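The structure under discussion is supplied below as structure tokens; questions concerning it will follow.
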Amino acid sequence: MSNQIQQCIIAKFGGTSVADYQAMYNSAKIVANNPNVKVVVLSASAGITNLLVALAEGRDSEIRKQHIAKIQAIQYNILEQLPENPILREVIDQAISNISSLSEAASLATSPALTDELVSYGELMSSRLFVEVLKQLDKHAIWFDVRKVMRTDNKFGKATPKIEEIKQLCCAHIKSLNIENIIVTQGFIGSESSGKTTTLGRGGSDYTAALLGEALNATQIDIWTDVAGIYTTDPRIVQNAKKIDEITFAEATEMATFGAKVLHPATLVPAVRSNIPVFVGSSKAPDKGGTIVYNTNSIRSELPLFRAVALRRRQTLLTLNSLNMLHAQGFLANVFAILAKHNISVDLVTTSEVSVALTIDTTGTSTDGNSLLTKPLLDELSTLCCVDIQEDLDLVAIIGNNLTTFKGMAKKVFASLEEYTIRLSCFGASTHNICFLVKSSDSESIVKVLHQSLFE
Ligand SMILES: Nc1ncnc2c1ncn2[C@@H]1O[C@H](COP(=O)(O)OP(=O)(O)O)[C@@H](O)[C@H]1O
Ligand SMILES: N[C@@H](CC(=O)OP(=O)(O)O)C(=O)O
């Protein structure tokens, strides 16, 4: 790829867009119809990562057999609708055989590195199959192992990309490739300096697309999924949710951070840094249009006060209580140092005289989603204070613009929530959001009530 290219689009297709042959075919048609798409980033076929994560947690031989049979069936269904290709069949069979050996190893002893190695096969297989679907459409496509360029640290399960190294490696390995070929590669996976496979955390393929977009000076990053853009709330929860045609980076970042799964929270970081517009659309219905995310200056319409309602499930609330906090200095610094040491990022914080409550992000590549809240972390915190953990909570966030300058906020928002218990609320740190921590059993109805009051 040379620097003379005027248009370079990175197109990412999520799990549902490569779930089966028809979904892959729809996605491949989008690529084939747009000569500006130079790099395709793929997730694993829907359902496969969950099966692989379960295998990585160590399962007995009967369950392993069942899971592997399911994985094989999903991939064979696609393979068998392609023209007979013994080499591709061998590649898939080899991947299944590796999954089987790694799962057996995981049943003896699990490890984060082994988990990442195992789950990487989802993306490795879907990308192999997709190359052949593109070839069926007479497109020249080459398979590229993203681990050659997606350099990360060694925090297996949620590795941090090394931006400068990725740029250099992309220059060396991708920019030199023949631009006539569409490069098909994997989202979500990377490698640390000694070559071991890492992952960027669940849903991380969007992030891969943005990182490659930044490294390759892309003109746009297209995220193709199962909804026709970003909506005023999750359309699976509120059927009346409205599509947003254009949205600023700041608003979309808030939405992603507070749970709008349509974008991985880190996706917009490279896009903002390098000012690359991000498009979100449906691979099943590309003619329905989508949402374009870009900087505030590009937005044609006026920014609304209320933009969206987001829901982030399975939150953990830590309440730390200690008389040592009273008129003392450094207590919070110590707490945050311990959390940082254990790779925990803190989302919301409220404090009182002797206690601090915080919600923490514990997601990594695991099925329970709480793998980062470990005993060593809790033991260390307990040396400073009493630790109370509360689960079964969700975070509901109202996203908007200049919210802190709006006079009637309390009445407008709290009046519609009078039926519900609110465990914690946060407002004021950002002009873009107001957040509530609520019981998981109430969260969907709270989203519905808020959406109705603010958008319907
Ligand atoms: N505000 C929102 N707008 C659109 N979709 C949303 C929103 N909030 C949550 N979602 C959910 O995000 C899903 C798409 O994300 P995801 O399942 O990760 O897709 P993919 O597998 O394509 O990456 C949608 O099906 C939808 O339920
Ligand atoms: N396959 C990975 C990465 C990913 O981004 O998937 P999706 O695009 O389907 O959310 C996961 O399930 O986490």
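Yeah, the Cβs are placed from backbone N, Cα and C, and that goes for glycine too.
Residues or ranges marked as domain 'Aspartate/glutamate/uridylate kinase' by TrEMBL: 8-281. The annotation ATP binding site is assigned in TrEMBL to Lys12, Phe13, Gly14, Gly15, Thr225, Asp226, Tyr231, Arg236, Lys261, Val262. Per TrEMBL, the feature substrate binding site maps to Thr49, Glu123. Annotation source TrEMBL lists domain 'Aspartokinase ACT' at 396-453.
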Write down the Cα-Cα distance for Thr49 (substrate binding site) and Lys261 (ATP binding site), rounded and given in Å.
16
For Thr225 (ATP binding site) and Glu123 (substrate binding site), determine the Cα separation and express it in whole Å.
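Per the Cα atoms, Thr225 (ATP binding site) and Glu123 (substrate binding site) stand 16 Å apart.
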Counting other Cβ atoms within 10 Å, pick out the least crowded of the binding-site residues Lys12, Lys261.
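It is Lys261 that, of the binding-site residues Lys12, Lys261, has the fewest other Cβ atoms within 10 Å.
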Can you tell me the CA-to-CA distance separating Tyr231 (ATP binding site) and Thr49 (substrate binding site), as a whole number of Å?
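One finds 26 Å between the Cα atoms of these residues.
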Could you state the CA-to-CA distance between Thr49 (substrate binding site) and Gly14 (ATP binding site) to the nearest Å?
12
Among Lys12, Phe13, Gly14, Gly15, Thr225, Asp226, Tyr231, Arg236, Lys261, Val262, the annotated ATP contacts, find the widest CA pair distance and round it to a whole Å.
22
Which three-state DSSP class does Glu123 (substrate binding site) fall into?
helix
Just name the winner among Thr49, Glu123, Thr225 (the binding-site residues) by count of other CB atoms within 10 A of its CB.
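Of the binding-site residues Thr49, Glu123, Thr225, the most buried by Cβ count within 10 Å is Glu123.
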Sort out the sequence-distant neighbours of Gly14 (ATP binding site) for me: same chain, 6+ apart, CB within less than 8 Å of its CB, listed by position.
Ser43, Ser205, Asp206, Ile223, Trp224, Thr225, Asp226, Ser283
